[in-house]
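Presented below is the structure to which this report refers.
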Amino acid sequence: MDTQAFRRSLHHSDRYNRRGFDSPTKRAQALEEAYQSDLISSIRDNGFTYTKGRLNIKLAQAFGFCWGVERAVAMAYETRRHYPNENIWITNEIIHNPSVNDHLRKMNVKFISAKNGIKDFSLVSNGDVVILPAFGATVQEMKLLHEKGCHIIDTTCPWVSKVWHTVEKHKKHVFTSIIHGKFKHEETLATSSFAGKYLVVLDLEEANYVSEYILGRGNRNEFMNKFAKACSNGFDPDKDLERVGVANQTTMLKSETEEIGKVFERTMLKKFGPENLNSHFLAFNTICDATEERQDAMFSLVDEDLDILVVIGGFNSSNTTHLQEIAITKNISSFHIDTPERISVKENSIFHKPLGSELELKNNFLPSGKINVGITSGASTPDKVVADVIEKLIDIAS
């Protein structure tokens, strides 16, 4: 499929909307009423610090809702107000935040069900309204919904769309897209649907593995078994890794994405020489500004004198997980929670998710005496949720 031609055609349809329905002023006001917090505003104004009794809170200087998330959430809410009586569906979670998604359910927005990773669109009918989430949707899903005669409300983050343009450029010039991401993640599934040949690498270790194969130091069967679910149909590593371009899932760790780009640039330079590099490697710049800002702020926060650190965001949120990774590199006692309800004031306990593990209970997690607590949140976490967490910490400390 010519994905660029399809998207151009879709954008000109009178059943497609990517701008929303409210004015920017009204949209900002609605979000402020729903999700902003006076406490968080005052902490920002006070240099991102707050002291109450023995508790000293230090907030990251960039955290919480990013512009793309604010836009997606606002458009989803506007859609229900604009279509008060129609069936409204959403192809996935609007963002990785349980409270926001629960609010959509209360507004009678229906979530497309999936079984074994396959979505069931059979209940979606002509004239229904379908919201595409901030992560985007696959081009196949868009085509299906368009052919069904649905009204499509596209809240895809513009930074995600930018990555789609990048992989389409790779396809046009017959380069394989190497996508730094999680192959099951909604955003990467969408991005790969716009690519031609592609391979998804999770981290630097996998990138180095692919590099070794390109340089002739790998086993084909082992390679294909390793990446069986993370490559395009008919992928041939002996042919499809001769010309590569790098792209990324926008929520991945910025420093790792940059290093993966350097790995493949060095690999192609070594194999084909400097005079042929541009024919075998395409440079990239698809790192999301908001992701970069939050990760940079986290690196600054973990350099502070902290006793513990609380990371707030959905457990399936990639950008939140990477914030947790940064804390771990500094050996700070850190706790990833998705809602304030994970903290028990009465028990001084926290039900949290260690990186790569199942949820576990930590009793007496807030130490006695003076304590410095660092706090950050993922791009899908409203300020009000952060404020509720701080209030619980204050209650425990007092």
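Including glycine, each Cβ sits where the backbone N, Cα and C put it.
A 10 Å cutoff on Cβ-Cβ distances gives Cys288 ([4Fe-4S] cluster binding site) a total of 27 other Cβ atoms nearby, all chains included. What Swiss-Prot records for Cys66, Cys157, Cys288 is [4Fe-4S] cluster binding site.
Counting Cβ atoms from all protein chains shown, Asn319 (dimethylallyl diphosphate binding site) has 26 others lying within 10 Å of its own Cβ. Sequence annotations record features per position, and here Swiss-Prot assigns dimethylallyl diphosphate binding site to His96, His185, Ser317, Ser318, Asn319, Ser380.
For His96, His185, Ser317, Ser318, Asn319, Ser380, the entry in Swiss-Prot reads isopentenyl diphosphate binding site, with the evidence type sequence analysis. The C-beta environment of His96 (dimethylallyl diphosphate binding site), restricted to residues of the same chain at least 6 apart in sequence and closer than 8 Å, consists of Gly313, Gly314, Asn316, Ser317, Ser318, Thr320, Gly378, Ser380. DSSP assigns His96 (dimethylallyl diphosphate binding site) to coil, not to a helix or a strand.
Here the Cβ of Ser380 (dimethylallyl diphosphate binding site) has 32 other Cβ atoms within 10 Å, regardless of which shown protein chain they belong to. The (2E)-4-hydroxy-3-methylbut-2-enyl diphosphate binding site annotation in Swiss-Prot covers His96, His185, Thr250, Ser317, Ser318, Asn319, Ser380, and the record cites sequence analysis as its basis.
Annotated active site, proton donor per Swiss-Prot: Glu187, in sequence order. Sequence-distant neighbours of Glu187 (active site, proton donor): residues of the same chain at least 6 apart with a C-beta under 8 Å from its C-beta are Phe135, Gly136, Val160, Gly181, Gln249, Thr250, Thr251, Ser318. DSSP assigns Glu187 (active site, proton donor) to a helical segment in the three-state reduction.
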All-chain count of other Cβ atoms within 10 Å of Thr250 ((2E)-4-hydroxy-3-methylbut-2-enyl diphosphate binding site): 29
Asn319 (dimethylallyl diphosphate binding site) versus Cys157 ([4Fe-4S] cluster binding site) - Cα distance in angstrom: 14
Alpha-carbon spacing, Asn319 (dimethylallyl diphosphate binding site) to Cys288 ([4Fe-4S] cluster binding site), which is rounded to whole Å: 11
Environment of His96, His185, Ser317, Ser318, Asn319, Ser380, the listed isopentenyl diphosphate site - residues of the same chain whose CB lies within 8 A of the CB centroid: Ile95, Thr251, Gly313, Gly314, Asn316, Thr320, Thr321, Gly378, Ala379
